[in-house]
């Protein structure tokens, strides 16, 4: 696939993300969407006790509501990717907001657990999926250098909404019952439509600037009388015909790119995320019921989720800032592996917590580690596949994770019903998260070393399959090879010295144009700006 044209509605290759401007409004919308998408399935667990009494079901049956929401959020990823590539982010998000709201409103009139699965689970989950994925795509479109920080700030929406929706759900449950709470929650989800309305495509502003520039050009060409005006008219007619000719191949555009499965880093990331999701969402979903069974009052039990959310609010932006540092960003995959290891060990070490103080300590450390995982998960994926293939990559990853979501929480609920012991659940969930962390770290390290020993045979920047870091490393390798080829031994004659000076200046200009330094030694290292080409020639002549 070549570089997309601006006329096709995609982001042109030379256009750089603004890293600000309207992007901050997009970031605010992504903040709200992320909050609803991740916090809502957990906040609904506040109503589980009342649902169990009314419908006469167990833990595993009510846990299916949150699992179906998350499964729809993940499982409809490819469908959402196709819709975004076909219609754009804004229309898809508007439809998703309406579906999410309608699902919760209809759920307030249900009479059995199956109807709850179809309304609150399927319909609301589908609506949130149609909002969540496009918002991340738009965020990656508007931010590049500040992308880790933007991802961290957007991910902070999850703990902010979790810390507010859980107490709000408890208040609504006490005053209006679970039916009134569901109805009001459905009204709150209409805010997703507002967030979708602000997702302005980046190329829209580009087209306006191009249109103004073209109008000025046509006006200048038409001012002179005679041949120049005719040339200007014929030139504009030719450009319009060229645009129409370029629009014709649009039918053959891929809506979902499966070539990303040839990327070893993407395969490693997908497997580790599948194992991670098996145990990541289990503790927060079962935490409220666990606290209530140990004798903690309902209000204080719901406050535990608020503690996780409050700690998570500061952990995600802070982790995003750390991931954006120059010496950390190339190794962000290892930071992600460490955050998963921290989360898994927190679950294992807190499995024996049997009083409210122990649960509070668990919530503090779980909030820190959970925030780190949430801030880094999509930043790592963007770094692996690049921005051009991110829309297809996230859809396929979410589809694979959907199977893990359908297995994890319901299986944990069945174990609770069978064993009546939450300690085993925490051990099992923590072990799964630790396993995913070890797999990601070890496999990435082995793959990285292998990639250094066997450099890629060719570098095709238009393929869009590599990350920005990988492209930068390939540019450095090409510069080193080019500089080593141009380094010729200098002779004692003046002509040889002059030729060497010209070649060295040519190499320095090429390196300076790419933003790097000039070559030093035998071309093994790149020196920062400020080195002298004449000094380099003299060093080589010796």
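A Cβ is built for glycine as well, from the same backbone N, Cα and C atoms used for every other residue.
A TrEMBL annotation is a machine prediction, not a hand-curated record.
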Expected hit for transmembrane segment in TrEMBL across 390-412, 459-481, 482-504 is 390-412
TrEMBL lists transmembrane segment for one of the ranges 332-353, 508-529; which is that range? 332-353
Any idea which of 63-84, 151-172 is down as transmembrane segment in TrEMBL? 63-84
Counting only residues at least 6 beyond its ends, the same-chain positions whose CB falls under 8 A of a CB in the transmembrane segment (359-378) are 38, 136, 151-152, 155-156, 158-159, 273, 276, 280, 283-284, 287, 290-291, 294, 296, 304-305, 307-317, 319-320, 323, 332, 335-336, 338-340, 342-343, 346-347, 350, 353, 394
Let me know the model's mean pLDDT on the domain 'Major facilitator superfamily (MFS) profile' (23-448). 82
